[in-house]
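S.K.: Pulled the feature table from TrEMBL, pasting it below:
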type	residues	note
BINDING	Arg57, Gln81, Arg86	substrate binding site
ACT_SITE	His159	active site
ACT_SITE	Glu264	active site
Amino acid sequence: MTVKETDQEVILTHPKDANTTVTILKYGATVYSWKMANKEQLWVSTAAKLDGSKPVRGGIPLVFPVFGKNATDEHLSKLPQHGLARNSTWEFLGQVKNDPPTVQFGLGPENANPELTKLWPMDFSLILTVELGIDHLKTAIEVQNTSNSNELKFNWLFHTYLRTEDIEDTMVTNLTGMTAYDQLLAETYVERHPALTFSEEFDRIYKKVPENRNIQVVRHGQPIHTLKRENLPDTVVWNPWIKKSAGMADFEPKSGFKNMVCVEPGHVNDFIILPPGEKWNASQTLYKDDLKFQAIM
Ligand code: TA6
């Protein structure tokens, strides 16, 4: 059985390997487990809420229509941090492909969190597609502006928590030469390090990263994750480290920051402005690759 649906979630199993699975919580359409040959690839807090009481701490939360907390837009500024997609229950639309098993979820004003659509009363339709390959996981989003008259202004980001055995042995590569905004220092600079390493809280937005840059998470010289992006020019890299982890009630174990790094592809440096009736598509694909060092300054 390649697709199993329960009240709360959908589980895909690859037809060629019963130990390759992905589990999606209908709340937030949040991928919260992805196993390749029985090895978990994502990090999820042991205190993550999976009951719909708050966004999942880990996996691949979906950020829409706003990244972070907006202070200026009339409606977006009323939404909580990272918007309403990750704290709404999406509709399971069914399986669209057998091999690789592929399913879709939908969200619109008719089923999004009503407390939040009241604050952001826009016409929109989201379709998330999740494809479980034998050697990859692809998540794709289609945003449609279903208004006949108004533009739709939004950010999109896959807030992906990737697992690592030890953050202090881990680096993120192929962002050299990119313009970065450090959210902690509120400073913009050009990244000159050949690789990102982690020894304190890290929270940076890498802007306009060319699509041919496949970002890699590397440990002991071996890439443990490779990220391919389509139509997602920005990438956020985040690790909360000790103090920030201690301040998040749903972040457990408190040492969990040692076993995760968020590499988050999105369009967050500015807003997408979608004309009435138009569609916008983007995707991330996570897979395994050889070490491919793209240090072009
Ligand atoms: O993606 C990085 C970030 O914006 C950080 O600043 C941090 O706030 C993180 O997201 C987690 O946000 P959350 O709302 O899930 O606690």
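Note that Cβ sites are derived from N, Cα and C of the backbone, with glycine treated the same way.
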S.K.: In whole Å, note down how far the CA of Glu264 (active site) lies from the CA of Arg86 (substrate binding site).
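M.R.: That comes out at 14 Å between the alpha carbons.
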S.K.: Near Glu264 (active site), meaning Cα within 10 Å, which of Arg57, Gln81, His159 (recorded positions)?
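M.R.: Close recorded positions: His159.
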S.K.: Relative to the Cβ of Arg57 (substrate binding site), which residues of the same chain, six or more apart in sequence, are found under 8 Å away?
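M.R.: Listed in sequence order: Val44, Ser45, Ala47, Ala48, Lys49, Met248, Asp250, Phe251.
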S.K.: For Arg57 (substrate binding site), name the DSSP secondary structure in the helix/strand/coil scheme.
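M.R.: Where Arg57 (substrate binding site) sits, the three-state DSSP reduction gives coil.
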S.K.: Could you state the CA-to-CA distance between His159 (active site) and Gln81 (substrate binding site) to the nearest Å?
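M.R.: Between the alpha carbons of His159 (active site) and Gln81 (substrate binding site) there are 12 Å.
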S.K.: Under 8 Å Cβ-Cβ from Gln81 (substrate binding site), six or more apart in the same chain: what's there?
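M.R.: When sequence neighbours closer than 6 are ignored, Gln81 (substrate binding site) has Gly68, Lys69 within Cβ distance under 8 Å.
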S.K.: Would you mind sorting out which binding-site residues among Arg57, Gln81, Arg86 put a C-beta under 6 angstroms from ligand 1?
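M.R.: Near the molecule: Gln81.
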S.K.: Please report the DSSP secondary structure of Glu264 (active site), reduced to three states.
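M.R.: The three-state answer is strand.
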S.K.: With every protein chain in view, how many other Cβ atoms are within 10 Å of the Cβ of Glu264 (active site)?
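M.R.: Taking all protein chains shown, Glu264 (active site) has 25 Cβ neighbours within 10 Å.
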S.K.: Quick one: largest C-alpha distance among Arg57, Gln81, Arg86, binding substrate per the record, in angstrom?
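M.R.: So the maximum pairwise Cα distance among the substrate binders is 14 Å.
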